[in-house]
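Copied from Swiss-Prot, the annotated features are:
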| type | residues | note |
| --- | --- | --- |
| BINDING | Ser112, Leu113, Leu114, Pro115 | (6S)-5,6,7,8-tetrahydrofolate binding site |
Amino acid sequence: MNDLTVVFAGTPEFGLPCLDALIQSRHHLKAVYTQPDRPAGRGRKLQESPVKEWAINHQIPVYQPLNFKNQEAVDELSALKPDVMVVIAYGLILPKAVLEIPRLGCINVHASLLPRWRGASPIQHAILHGDAESGVTIMQMDVGLDTGPMLCKATCPVTSSDTAGSLHDKLAKMSVKPLLDVLEALASNSAQFELQNNELATYAGKINKEEARINWHQSAVEIDRKIRAFNPWPVAYTLAGELMLRIHQAKATDIMSTEMPGMVLNVDKNGMLVATNDNALLVEKIQFPGAKVISVRDWLNSGKTQLHTGLMLQ
């Protein structure tokens, strides 16, 4: 079996475990593609992506085209003569001309069990919709949105305490073995492809900040899922008077309530109990504007009184 010349394309932290594995494998990681540096933070200073930082630390050449609409960027990739391109959360659309450059094509590590949750936010949508399991799919890329033939899947349970952050970390780590297995299969010309059933496809649209506001007229379970799906970003919130109150952790209870959804039923060391469309939700960790995340217990001990029984959260 021949060693493969690999080009990697990715931007956020999700791809780092696979990069660590690639550089220790028998294959040759020739270059890394990542999105251009972006302004970030209060100072709006240019910030390198986690993938770029990794590549610099490992002395791997980095390429950061704005897109692949110009021929120069396409020619630059072609000159690397990759056998395969591994794409993980790159964030740029790859046109047909790019997909055809690697001898064995471009393969994508996608954070869902395709064809369920094609699109930009599969992890958040798995939690939002109460999926019992999630996983990663290694697929051959085509010009569609996560529509290509599948090479490998790995599954894991989604627990009742999983947040988008914890599920992200689990899937990032578990993607390593299936990726290496697929590379070995490609190198030995033994890869097997399974077409996706488009009739089973669901789409995970991009999550935005406007969706983060809690609707207390939903059920306690639905609100709990939203809080977990929107942690660590953009973080679900409600209005306590005129203050934005971010909710980082909560759980649905079996306590029935006939009060108006959004009414605070009780605040004690266990948390803040809030009425919903059915059972009450126990809010455990909160964050006021300009303050740190704090448990309701610690907030109570600080002597503050903005949250109290009878308060209507909006």
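Each Cβ is built from the backbone N, Cα and C atoms, and glycine gets one as well.
Features as recorded by Swiss-Prot, highlighted on the structure.
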{"residue": "Ser112", "record": "(6S)-5,6,7,8-tetrahydrofolate binding site", "contacts (Cβ under 8 Å, 6+ apart)": "Arg118, Pro122, Ile123, His125, Ala126, Ser134, Gly135, Val136, Thr137, Ala204"}
{"residue": "Leu113", "record": "(6S)-5,6,7,8-tetrahydrofolate binding site", "contacts (Cβ under 8 Å, 6+ apart)": "Glu133, Ser134, Gly135, Thr137, Lys153, Thr155"}
{"residue": "Leu114", "record": "(6S)-5,6,7,8-tetrahydrofolate binding site", "contacts (Cβ under 8 Å, 6+ apart)": "Thr137, Met139, Asp146, Met150, Lys153, Gln196"}
{"residue": "Pro115", "record": "(6S)-5,6,7,8-tetrahydrofolate binding site", "contacts (Cβ under 8 Å, 6+ apart)": "Asp146, Thr147, Gln196, Asn197, Asn198, Leu200, Ala201, Thr202"}
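The (6S)-5,6,7,8-tetrahydrofolate site, placed at the center of the C-beta atoms of Ser112, Leu113, Leu114, Pro115, has further neighbours from the same chain whose C-beta lies within 8 angstroms: His110, Arg116, Trp117, Arg118, Pro122, Gly135, Thr137, Asp146, Lys153, Gln196.
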